[in-house]
Amino acid sequence: MQGIFQGESKMAEIIRGKGVISGIAMGKIMLAGQNLDGYLVNYEPEDKETEKKKAQDALTAVAEILRESIEKLKSKDMKEQAAIMEAHRMMVQDPMMADNIMAKIEELGNAPKAVLKAAEEQAVMFEQMEDEYFAARAVDLRDVGKRVAKYILGVKEPEIGDEKVILCGREIEPSVIAGMETEKIAGVLLGSGSTTAHAVIIAKARAIPTIVGLNKEDRIDRIADGDHVIMDGERGEIVVNPAPEDIASYDEKIKKQKELAAHYAALKDLPAVTTDGVKVDLMANIGTHMDVDNALNYGAEGVGLFRSEFVFMGRQDIPTEEDQFKAYKEAIEKCKGKLCVIRTMDIGGDKPLPYLNIPEEENPFLGYRAVRISLQRRDLFLPQLKAILRAGVYGKAAIMIPMIINVAEFKKVKEFIEEAKLELAHEGKAYSDDVQVGIMVETPAAAIMTPVLAKYVDFFSIGTNDLVQYTLAVDRGNANISYLYNHFNPAVLRLVQRTISSARENGIWAGMCGEMASDPNAAVLLMAMGISELSMSAPSIPRVKEKIRSISSVKAKEILADVMAMEDGDDIRNYLQKILG
Ligand code: PEP
Ligand code: MG
């Protein structure tokens with residue numbers, strides 16, 4: 001083990017953040033992330049001639065990087081992505097692009113800013129051409145501009161090499177992690193973010209040790225590209241350029257980690273059933289079809305939430321019905337007859353989609369997002385519904401609608417589904433008529449109205465990540481108020497209980513796919529409330545299963561009664577901690 005960091009001469013340094021996904025990881029830092037603001041602020045330009053040379057060198061280097069990626073993509077038969085990269089390479093090599101950049105350097109004296117500005121101006125010109133083809137190229141131009149600027153700033157693209165890396169960035173877009181193979185990422189270090197940031201959620205589905213909150217006091221700037229690092233995702237500790245004795249001290253922890261993994265692996269095929277026979281289905285949340293195998297390895301009994309927006313992200317244009325069909329079919333097939341709940345795209349909030357050109361909003365989490373977009377954009381919604389219905393032929397699928405606030409929205413969704421079926425029948429394409437249609441209960445309005453909504457839907461899945469933020473008016477990603485973000489807040493517990501009771505009274509099932517489901521003590525309460533299914537990041541399944549198998553439903557109901565009589569969320573958390581561990 002000590003061999004991996006041999007030859008280090010830099011001084012070791014310890015940096016602390018907030019550990020959100022446990023596990024020890026060792027590897028080389030690769031700077032990643034799409035938001036360049038932080039890097040631009042810290043960039044110190046030199047004289048104009050040097051800046052011009054930097055820009056020219058960056059253009060040449062990026063063209064070469066792209067050429068190598070194209071070769072790799074072609075060898076893996078990924079023709080579509082290779083074609084996109086080819087278009088990007090041509091833009092980088094376009095003499096007009098270089099001329100514009102040089103002119104901007106004259107004006108601004110700053111190479112990365114000049115590159116971004118030149119690309120932006122050219123992109124706007126394309127957009128004004130009122131031609132769909134050129135409008136789409138505007139997105140590519142911005143992407144290319146960012147790539148070149150990143151090169152100058154030293155922010156590397158997470159290129160897929162042979163060595164495992166620890167991704168590190170002030171902000172890392174979810175698509176960056178989703179687009180990389182799990183085996184290539186040893187860990188994630190994030191400047192901003194919280195446990196419910198989407199980059200973190202994807203990392204969690206893949207059990208990648210993660211530490212967040214490193215923007216605090218600019219700690220992240222003390223970690224450089226290529227640094228060797230040991231990170232402890234539980235304690236939030238990062239040892240940069242560790243000495244041999246630091247590495248040795250982590251050997252013991254790694255040994256314990258392996259023992260725990262073996263203990264959990266033994267639970268894989270056992271059901272999550274209480275000592276007196278009450279069973280809860282434990283399912284997995286996934287971001288791409290590539291996550292299913294990993295989920296089943298942790299003992300998932302199906303997929304309770306496929307965040308389909310990730311099929312839309314990390315690309316330049318809207319995925320076609322056919323693209324989506326392939327992705328959903330693969331996930332459903334991999335589930336081998338177990339339920340696969342596909343949530344229709346939840347774009348908006350902290351998951352923007354540049355090519356949809358949604359105007360900037362003051363309150364994105366309260367804005368044009370999820371089903372609100374779907375209902376206004378039949379060009380997006382119909383192909384997605386058709387793709388899911390077609391994929392449903394290959395197993396057991398369900399459609400889940402995010403961000404519902406009233407019955408009218410759900411009725412419109414049902415009309416779209418009927419229309420999708422009619423079109424498919426007309427086109428002679430096979431589809432499943434047996435796909436359940438349910439909703440996320442993630443707004444207080446939906447939770448309050450569950451006695452009515454239950455008459456229309458096939459199931460509820462409670463999305464506590466949003467339900468907590470909307471009920472308590474606490475932004476789910478704001479570290480300054482994270483102490484208020486508590487799923488044990490009595491207001492949240494009452495909405496959750498109401499939802500589960502409404503489902504039971506109306507003969508439908510209720511599950512949960514928000515992060516609360518992965519908290520073992522919360523799982524005990526939810527089981528006592530009568531929940532049928534809990535869906536979570538796969539690595540959390542064994543811990544929740546162990547807890548449910550250790551208690552009787554009678555005891556859990558006693559605990560629930562105590563909890564529902566309490567007045568304060570922190571008291572509830574502490575009480576559960578005391579009696580359940
Ligand atoms: C939720 O809000 O709880 C949820 C599962 O959806 P997302 O985290 O994708 O918003
Ligand atoms: Mg949500």
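Each residue, glycine too, has its Cβ placed from N, Cα and C.
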Going by TrEMBL, Arg343, Asn465, Asp466, Arg476 bind phosphoenolpyruvate; tell me which of Arg307, Arg390, Arg543 is listed for that site too. Arg307
From Arg307, Arg343, Asn465, Arg476, Cys513, which recorded positions have a C-beta atom under 6 Å away from some atom of ligand 2? Asn465
Taking only the Cα atoms, work out how far Arg476 (phosphoenolpyruvate binding site) lies from Glu442 (Mg(2+) binding site), in Å, as a whole number. 13
Taking the residues Arg307, Arg343, Asn465, Asp466, Arg476 listed for phosphoenolpyruvate, what is the greatest CA to CA distance in Å, to the nearest whole number? 20
Cα separation, Glu442 (Mg(2+) binding site) to Asp466 (phosphoenolpyruvate binding site) (Å, whole number): 5
Rounded to a whole number of Å, the separation of the Cα atoms of Asn465 (phosphoenolpyruvate binding site) and Cys513 (active site, proton donor) comes to 9
